[in-house]
Amino acid sequence: MRGAGTGTGGAAVAVAMSLLLLLLSRSPPAAAGDGRKSDSRLVSEQFSQAPQKLAFYNWYGSARLFHFRVPPDTVLLRWLLQVTRGSGPTCNNVETTVYFRYGAPPVINPLGTSFANNTSVQPSFLLKMLQGNASVNVSYPAPGDWFVAAHLPPSSHKIEVKDFIPTCAYIFQPDMLVVRVVEMSILEPDVPLPLVLLSQPSYLKVFVPKHTQELRLELQGCVSNGSLGCPVHLTVGSATLPGNFQKVLTCTCSDLTTDCRLLLPSPPWERWLQVTAKSLAGPRVLVTFSAVAALTACRPWTVNLQHLLQSSPNWSSNASMGPLPPSPNTQDLDQSGAAGSGPFCLRSFPVLREDMDVLSVHFRPLDRISVFVQSDMPSVMQLHLNTGMDSGGSLSISASINQTVIADNTSVVACVTAGSPFLSFNTSLNCTTAFFQGHLLSLSASSPTANLSIPYPETDNWYLSLQVLCPKRPEGCVQASVLVETTLYLVPCLNDCGPYGQCLLLRRHGYLYAGCSCRAGWRGWSCTDNSTAQTVAQQKVATLLLTLSNLVFLAPIAISVHRCLLVEASVYAYTMFFSTFYHACDQPGDAVLCILNYDTLQYCDFLGSGVSIWVTVLCMARLKASLKYVLFILGTLIFAMSLQLDRRAAWNTMGPCLFAIVVMVSMWVYRCGRRRHCYPPSWQRWVFYLLPGLSMAALALTIYVSMMTSENYYYTHSIWHMLLAGSAAFLLPPRNQHTEPWACAQKLTCHYEICKSHRDELYTVT
């Protein structure tokens, strides 16, 4: 398997290098122009990761995740995808689904399950492919984290024994090729930048500082071949997947009296914004113009503890019940004032980020419980989710108001956005910034609580904007103010996956993300889809089947004691005890009982099952007592070591068992040769004991290997318990003819023992 993986990686690298040479030999689409000249401002780079073996989809952990970083000033991103399969007889053409997303791992739903209430999910950008190569191009991609996830079709829910039946390996490897600009012009605010377009585009970028309310891009003095006209195609912003909110402006010659401009409300703060200008006039037509970027600043009113103490002496002592502070310097809202260059446009509440654990963060307003919201301007809270390690969790937002203090015609509208806050509540309620579609929440007297869950939020600064609105009577909102209590968390899994799921932490190199593994028929992103869920009665029946079926081991225990096989009886008792309590702990939901750690119970159950088969087969071999007990101890130690290496590998259990069968068959053949007739010699032994026992063992092995699924596990595994115990009861050899029935049990009550001369007889007729 390792050699196959190495070969696949080498083939993928060879294919990627050939495609890279092809890419370098041609001009990128963004800079192709007339096709005769290449753009010296562009350079190409390649990034690759080690291939991974694909798995059939069952839950999010079945998908293979790849994490890339796109460098700044990239104008073309090309994904080179390769899927290879093994050459075994079980290998068929299987469809592979590949997902792409910017900023966070893709949120996928191959099983078509429902999400929890109040969960906001964007559809993923995906590509389906068979074995071979495929490519995906993204023009002007956003710089930063990009994620690729791939998986095979949904699994058949069959429980396969590891390494017992050969399976086909499907290997997936993505390579990332980027073309970026090394010389990009900087567009400074309010400073015209002269540009000339001929055959190649012009690449610009403008920095958007914090508290920018509006960005206006304008083309002035546009001339095409000496005459007025502006045949220019302008692309602003970067492409992201699954959504693409790039702004495109096409200037024409229809109106020569006005300038060509683009208005961007709430552009993303504290980042470079990429602008690309292309000529629409043809390859030999010269177009000249000046690009101007104008920024409209926003004066934030930062509400800190000092402002609150000045506004109301009771605020700090009881933030949720004290009197509301007046609007901060209301006279400054209508005029510039001496402290700034414009009117206030938002009320900023400092937020404390408290890291609690891996993918576990608590956000709370600094020095307060509630957020003060009015109708004059939005109240904004900034959530720092830009560490690069926060996108693997889920953002949980809850807002509530006291319904007794809000008027019937008044509501509090909240908007959750990334990159920049939404500030246009008075003009629009679409909750959309320049390049981001936000999430809208509403609070009122009839609905005082609103919740929002965002799985895998993008790596960015997120903003919660709130404002009081009076849609029916706007004049009544002049003095309206409301206290809003917010609960803001970043958690690994929503509601910890509920009672029927387990939140598991996954890792890809140094990147951590979480997913829910559901049980008892529950499905969905956070195990909330009960369309195929088991009822509580079904769960209890399943638990009783898996636990009480182990009572069949009482039969081989009693037979072992009756025949004075105390070591074998102890092993069967050990297996019955730990198998019972392991399956009692393994159940989800209400029917659960764990007396020890789950991993300990599982290890002891697997160990007991293997050792039970080991001692039964060696007991059938009728070895000398000293040799038999030495093999008992050695086999138990080997089982303990192999289960520690890999608990679910088939040959870790079957290897020692096959060795025991070889020993048993060798001893039987040896006795046949010495006695000149079949061993065991009695036909009753074969018909009434050996053949039924071997049939039960063969049926148990067939069920364990090929018939178990996640749906019938409770029944088939219970049958496996009974068949395993029943076969041991039938296959145990009869007692020695010199030993009385229950002799070992009788010795426990005796105060003396009569010495006997007994020897191991290899030729005893049984």
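The backbone N, Cα and C atoms fix where each Cβ goes, and this holds for glycine too.
All annotation found in TrEMBL is predicted automatically rather than curated by experts.
Between CYS527 and the candidates CYS503, CYS518, TrEMBL records the disulphide bond with CYS518.
Remark: of the disulfide-bonded residues CYS493, CYS503, CYS518, CYS527, the most isolated position is CYS503 (fewest other Cβ atoms within 10 Å of its Cβ).
Within the domain 'EGF-like' (489-528), the DSSP-based counts of helix, strand and coil residues read 4 helix, 20 strand, 16 coil. Predicted-model confidence for the domain 'EGF-like' (489-528) is 92, expressed as mean pLDDT.
Packing against the domain 'EGF-like' (489-528) from elsewhere in the chain are residues 59-61, 65-67, 105, 107, 109, 111, 113-116, 119, 121, 358-363, 385, 389-396, 453, 455-457, 534, 539, 587-590: each is 6 or more residues past its ends and has a CB under 8 Å from a CB in it. Put simply, CYS503 (disulfide bond) is 9 Å from CYS518 (disulfide bond) when counted between their Cα atoms. If you take the Cα of CYS493 (disulfide bond) and the Cα of CYS527 (disulfide bond), they are about 10 angstrom apart, rounded to a whole number.
For the pair CYS503 (disulfide bond) and CYS527 (disulfide bond), the C-alpha distance works out to 10 angstrom.
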